[in-house]
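K.L.:
Below is one structure. I have some questions about it.
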């Protein structure tokens, strides 16, 4: 009986000793070490910042891209013509464009018919200019890193009504062989576009002059909306060899 009690006491003692010697496991705090996902996020964010820094363009003040096209500053044109001034430029960030007339802000309602600005070509377009459009036109190109400007001078010449002026000696008489080709040239000076027609002197009932004391004429090249300052007659026949006139 005593041996059983001793054996039971020994088992209880060993169990208590083992429980006391083995420490209880503790879970690590969640914030003690970053997780692999946190590492990925940090790497991604840093790489994005690096990419942003690497791809960010360097700032550039405005500059002219085609200065050779801007060398002509004085433009004298007849009234009713279309005028275009260009200031091709570039910069980073993309610069803005505005126009002045005689040093003051120029708005479309400042002229009859207004004007058009083509930002893609850095230009201003004015249709049917009149004498009141004379003046200095300045383009201003600017961004936060700088500003440049260029001035054009416009002179509008009023049209002077006068009859067309023919160059002396044209059209000239010509003598050619039958079957050959011939050309007559007519040089005309006129402010408005001249309307040119070519006519041929003919005979009617043996007469070249009509009852109204004007020559009989046959229209051989009418006005077709374009300049016809040359008359070409191919394979000339005897019947064609008559006077032609403007």
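The backbone N, Cα and C atoms fix where each Cβ goes, glycine too.
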K.L.:
Pick from 23-65, 66-108: which range does TrEMBL record as region 'Disordered'?
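P.N.:
Comparing 23-65, 66-108 with TrEMBL, region 'Disordered' matches 23-65.
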K.L.:
On the DSSP side of things, how many residues of the domain 'Ig-like' (164-200) fall into helix, strand and coil, could you say?
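P.N.:
So the domain 'Ig-like' (164-200) is made up of 0 helix, 11 strand, 26 coil.
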K.L.:
Could you put numbers on the helix, strand and coil content of the domain 'Ig-like' (67-155), residue by residue per DSSP?
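P.N.:
Once the DSSP states are binned, the domain 'Ig-like' (67-155) shows 10 helix, 47 strand, 32 coil.
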